[in-house]
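Visitor: Here it is, the structure, as structure tokens.
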């Protein structure tokens, strides 16, 4: 299955730019920022254990999308033909996309948590909600899936944002939103509540009594990965010199070729 088809299956769109939530003429900085924002939302450390496999798969696809759009030559080919060079080195399955991400952004679990706190009710969130509303023509299922850091308890707040923007004329009145059936609303809510119950069940099975315990578990896993990352960076520095840490993306690529 090619990358556009993987995107369609995982994100509901075959458009690589749409996966990152950026326009086709986006600058390299905008593409990087779009990848950063999407990866914070999809990072496997944000989900309960039973969802980690699927989250990791989507995270890997997201990394491939960024790898294509951040490479000038591959992006030109994609823009002109709508096709992706599936044989390119950056799309091979051997790459560790979590490792690649950490090298690119140097982000920790605490960074993700802090981002979530600052993002909610921010101007950036409002802009993202409006963009999602336009992109998905008012489909709340897709909107709730695409906006970062939200769960089903946030829906009334998200819906109010959209309604206010419609009232002021900032957004058009899409039928899918204003005439959404109660059946569809309840179906979305039942799915979300089921996921929440499954997460709680997993938490109870692990013997975690509180949210802080769950965060401690996630952080302990992160520390193990950070140790591996320290070893990896030390190897890079020994092989390529003191500039290895500064050029994470390029040196990582060099290391894979050896």
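Keep in mind that glycine also has a Cβ here, set from the backbone N, Cα and C atoms.
TrEMBL does not curate its annotations; it predicts them automatically.
Sharing the record's features from TrEMBL:
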COMPBIAS  192-206  compositional bias 'Basic and acidic residues'
COMPBIAS  246-258  compositional bias 'Basic residues'
DOMAIN    15-82  domain 'J'
REGION    185-213  region 'Disordered'
REGION    238-258  region 'Disordered'
Visitor: When DSSP states are grouped into helix, strand and coil, how many residues of the domain 'J' (15-82) land in each?
Guide: 54 helix, 0 strand, 14 coil
Visitor: Summarise the model's confidence over the domain 'J' (15-82) as a mean pLDDT value.
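Guide: It averages 85.
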